[in-house]
């Protein structure tokens, strides 16, 4: 396996790695998402914001193929993934997190990360070998846990962690796959300030060598972290640009931020 | 980032060695001694019946307990293998070990077919598809020539195991069954505690997350399904040799229901739970059969008590006690 990521010095030139053109999703007669064009760049943090029900999570599900778009095309590093199943998309390097914390609750913290490491290390299908065969993954797993500050919780069950710590664990698990494109659905929601700082720094750090697209409500984090912001409203793109531009847009202020926000 | 945490490596605690629990070994030794000594105190045929059902329930538990799939069609593999083995031994004149092999292979094939269709759906739909397919197989067995319909395949010869061991002797039959049972249990234990089993657990815990980590969940589920079917088949094949017949009872839906009951009673997701569960159900059935009291009423009540009072099942509850935790009997991550 390639040494994962974070410390690796790869080119940090922004280039489009994930692009969606005209994607649309109908549920019955209702269009949850219409005409969405998105370009996600390597080495950039891209925020997707918008009021509740704007279709942010639907866009995530479409990009990661958990939902099949009704129309439109999606390219991942030049490859058309519009009809690709979600697990294949993950293997191609587009990995997502979930809005509600997605850990494996009755596995230990360490095992949560090891499960993610199993597939890239070709240790996922051996049904004849003992679990101790997975101990070779411990070093890498411990590194990842150290990175997010979960070393002390290593042997606890994931279910026993606080909500914020579960989110942190989920990010460690996601990073274990060394994804090319990282889709984070509200990664900071429900976290204490301490975790927010850790995770925000972590996102900034990992985004140096990969693309990050995140849904986030915490606008100060968005302002601080994101290079590019896309605002969704009622399933359509309302505005896009850097945070300054977007936050000055009167339509955005009316639709989303409230007029008093600068 | 690693530079920001230069102490990680050094502050890591040493690998906590998996505690080789003395209590666990003690339990295993006692169980083994019990298995070896039992036929001198208890009617061997009854013991063998117990072992067959225990293996069946353990195989079923691979799906329910370790993968989170509720199959309502496992009688197909149990009873189907019984038919295949009985036919192979009686009509083709195969030796018992080859007959068992035929039964297991047949059950695995049936598992592949049923699993292929069922794993596309989840929850109750999965259960319904397995039920529907097993009903189809039931009617196939009712109509097909080789199963002899209502009569079943009778007076199946036990033969000589590997040409050496005369299985007509009830003690050698018993020890053969015991060896197969222990071997089957070992296979199951190895399977669920393997890298593959780890992925199955993660699927049980959170399927969308497993997909987003790049696992083609369907293939893992199918693997577990076929494995479970093959071992259920092993149990059925051995049962056909023990009782020297194969009948419709073993492919009927009630059998699928009974194995669910056994597993739930004993404790899903534990290695030994289904053994206790099947001992309880088979034991009760045998005991009540002589009294004329309707068995289903008692098992129904036992089941209700189980669901209301000890939801984790017998072994599940024992494992959850402080004493068991202390002794290291419980497998912490087995849920």
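Every residue, even glycine, has its Cβ placed from backbone N, Cα and C.
TrEMBL: automatically predicted annotations, no manual curation.
The range from B:153-172, B:173-192 that TrEMBL describes as transmembrane segment is residues B:173-192. TrEMBL assigns the feature transmembrane segment to residues B:291-310, out of the candidate ranges B:291-310, B:311-330. Transmembrane segment is the annotation TrEMBL gives to one range among B:196-221, B:222-247, and that range is B:222-247.
TrEMBL tags one of the stretches B:3-24, B:25-46 as transmembrane segment, and that stretch is B:25-46. Contact between the transmembrane segment (B:173-192) and the transmembrane segment (B:25-46) is supported by 3 or more Cβ pairs under 8 Å, counting only residues 6 or more apart in sequence.
Away from its own ends, the transmembrane segment (B:124-146) comes close to residues 69-76, 79-80, 83, 87, 91, 110, 113-114, 117-118, 153, 248, 251-253, 256 of its chain (Cβ-Cβ under 8 Å, at least six residues beyond either end). Per-stretch counts of Cβ pairs under 8 Å to the transmembrane segment (B:53-78) identify B:259-284 as the leading one among B:98-117, B:222-247, B:259-284. Counted as Cβ pairs under 8 Å, contacts with the transmembrane segment (B:222-247) are highest for B:98-117 among B:25-46, B:98-117, B:259-284.
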